[in-house]
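Novice: Could you have a look at this structure, given as C-alpha cells, before my questions?
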Amino acid sequence: MECDKCGADAIHHAAYSGAHLCGDHLRKSVEKRVKRRIREDGLLDPDATPDDPDRWVIGLSGGKDSVALTQILDDVFGKDPRVEMLALTIHEGIEGYRDASVDATIELADDLSLRHELVSYEEEFDVRMDDVVEDDPEDMAACAYCGVFRRDLLENYAAEFDADKLLTGHNLDDEAQTAMMNFLEGDVRQVAKHFDASLGPLDEREATDAFVPRAKPLRDVPEKEIALYCHVRDLPTHMAECPHAEEAYRGEIQSTIHELEENHPGARHSIMAGYEELSALAADAYRGDAGAGGPGDETGENDGGSSALRECERCGSQTSRDVCRKCRLLESIEAV
Ligand code: SF4
Ligand SMILES: [Zn+2]
Ligand SMILES: [Zn+2]
C-alpha cells in the first residue's frame with residue numbers, strides 16, 4: 001500500500017479516516033494533532049513571559065506515550081522562554097519493569113537536555129509496589145494502591161516545583177476507556193470532575209487552588225499510532241507491561257472498545273466527542289456541589305465525596321475526610 005501523500009510505502013492504515021501513511025507522514029500527522037490539541041486546550045498561558053514563565057511538569061514513565069509527549073513538547077516549546085519544563089519519573093518499586101523504563105527516561109532527558117527528577121515510592125512513602133502486592137492488606141488490585149500513591153506524589157511534586165500544569169501522555173484509547181468506564185458506572189459526578197481536572201480547555205475549567213490542572217495533549221491520537229511514532233523517530237522507550245497490571249474492569253472495557261473499533265472504525269473518536277460535550281454540561285451542572293472537586297479521573301479518588309475538601313491531618317494533602325486515602329492505605333500496609 002502507498003502513502004496517500006507521497007506515494008512511498010505506507011506503514012499504517014487508519015481505518016477510521018481511510019488514510020494510508022508512510023513513516024514521515026505519520027509523524028507529521030501525529031504532531032499536527034498534538035499541536036492542535038495544545039492550541040485548543042489553551043495549554044500555554046497567554047500571560048506567560050520569559051520573566052514569569054508557565055511551569056509544566058511532564059509525567060515521564062519511559063513508556064511510549066510519555067516519551068512521545070516529552071519529545072513533542074520539547075520540539076515545540078523547548079526553546080520557548082515562556083515555558084519552563086521539568087520531566088518527573090516515578091519509580092514504584094517494581095523490580096525489573098521500572099528499572100528498564102527509568103533507563104529510557106534518563107536517555108531521553110539527556111538527549112533533550114531536559115531537567116529530570118526521579119522519585120520513588122520507597123523514598124517518599126517507604127513502600128515498594130512489589131511488597132504491597134504481596135501483602136495486599138486491603139484486598140485490592142495493585143493499580144488501586146499504585147494510583148493513589150502516584151497521584152499524591154505527582155500533586156506534591158507539582159506543588160513543590162510551583163507547577164502551573166501537570167501533563168501526562170494518555171492517548172485516545174486510554175481516554176475512551178476512562179470515558180466508557182464513567183458512563184457504565186453511571187457516575188455523572190465523576191464525568192463532571194473529569195472536565196475540570198483534565199479534559200476541558202484550560203480557560204473553561206473551574207480554577208481551584210487545591211489541585212494542579214492536568215492536560216493530556218496526546219488524547220486525540222490512537223495508541224498504535226503513538227507506538228509507530230516512537231518507532232519512526234527511534235525514541236528510547238520501554239515497551240514491557242507492568243507485571244502487576246490487573247485492572248480487570250479496564251481490561252474488559254479495553255477489549256470491548258477494541259472490538260467496537262474493529263467493526264465500526266471511528267468508535268473511539270465518537271465516544272470521546274460525545275463524552276467531552278457531556279462532561280462540559282455535567283461540570284456546569286455540578287459546580288459548587290460538594291464532593292465534585294478534585295482530579296479523580298484516573299483512579300476514582302472519590303474518598304467518600306460528601307463534604308468539602310480540607311487538609312489531611314497527617315500529611316496536609318487535600319481530602320474530603322480527616323485522613324486522606326493515601327495515609328489510610330499506608331497505615332494498613334504498615335499494620336501487616
Ligand atoms: S500497571 Fe498498575 S501497578 Fe503497574 S505501575 Fe501501573 S498503576 Fe502501578
Ligand atoms: Zn508519505
Ligand atoms: Zn494524608
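Cβ from N, Cα, C; glycine included.
For reference, TrEMBL lists these features for the protein:
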- CYS3, CYS6, CYS22, HIS25: Zn(2+) 1 binding site (BINDING)
- GLY59, LEU60, SER61, ASP65, ILE90, GLY169, ASP174: ATP binding site (BINDING)
- CYS312, CYS315, CYS324, CYS327: Zn(2+) 2 binding site (BINDING)
- 2-26: domain '2-thiouridine synthetase TtuA-like N-terminal LIM' (DOMAIN)
- 56-231: domain 'tRNA(Ile)-lysidine/2-thiocytidine synthase N-terminal' (DOMAIN)
- 289-309: region 'Disordered' (REGION)
Novice: Taking DSSP as the reference, which of helix, strand or coil describes HIS25 (Zn(2+) 1 binding site)?
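Specialist: The three-state answer is helix.
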Novice: Do you know offhand how many angstrom separate CYS312 (Zn(2+) 2 binding site) and GLY59 (ATP binding site) by C-alpha?
Specialist: 24
Novice: Of these binding-site residues, CYS3, CYS6, ILE90, CYS324, CYS327, which scores lowest on Cβ atoms within 10 Å?
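Specialist: Checked CYS3, CYS6, ILE90, CYS324, CYS327; of these binding-site residues, fewest Cβ neighbours within 10 Å: CYS6.
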Novice: Can you tell which of the binding-site residues ASP65, ILE90, CYS315, CYS324 lies nearest to CYS22 (Zn(2+) 1 binding site) in space, using Cα positions?
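Specialist: In terms of Cα distance, CYS22 (Zn(2+) 1 binding site) lies closest to ASP65.
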Novice: Could you list, ordered by sequence, which of these binding-site residues: LEU60, SER61, ASP65, ASP174, CYS315, have a Cβ under 6 Å from ligand 2?
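Specialist: Listed by sequence, the hits amount to none.
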Novice: Cβ within 8 Å of the Zn(2+) 2 site's Cβ centroid: which residues qualify beyond CYS312, CYS315, CYS324, CYS327?
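Specialist: For the Zn(2+) 2 site the neighbour list reads ASP152, GLU313, ARG314, GLY316, SER317, THR319, VAL323, ARG325, LYS326, ARG328.
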Novice: Return the residues near GLY169 (ATP binding site) by Cβ distance under 8 Å, restricted to its own chain and a separation of at least 6 in sequence.
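Specialist: Expected: GLY59, SER61, GLY63, ASP65, SER66, VAL67, ALA68, LEU69, THR70, LYS216, LEU218, ILE226.
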Novice: When the Cα-Cα distance from CYS3 (Zn(2+) 1 binding site) is computed for each of the binding-site residues ILE90, ASP174, CYS315, CYS324, CYS327, which gives the smallest value?
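Specialist: Result: the closest of the binding-site residues to CYS3 (Zn(2+) 1 binding site) is ASP174.
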Novice: With an 8 Å cut-off on Cβ distance to the CYS3, CYS6, CYS22, HIS25 Cβ center, who else from the chain surrounds the Zn(2+) 1 site?
Specialist: GLU2, ASP4, LYS5, GLY7, ALA8, ALA10, HIS20, LEU21, GLY23, ASP24, LEU26
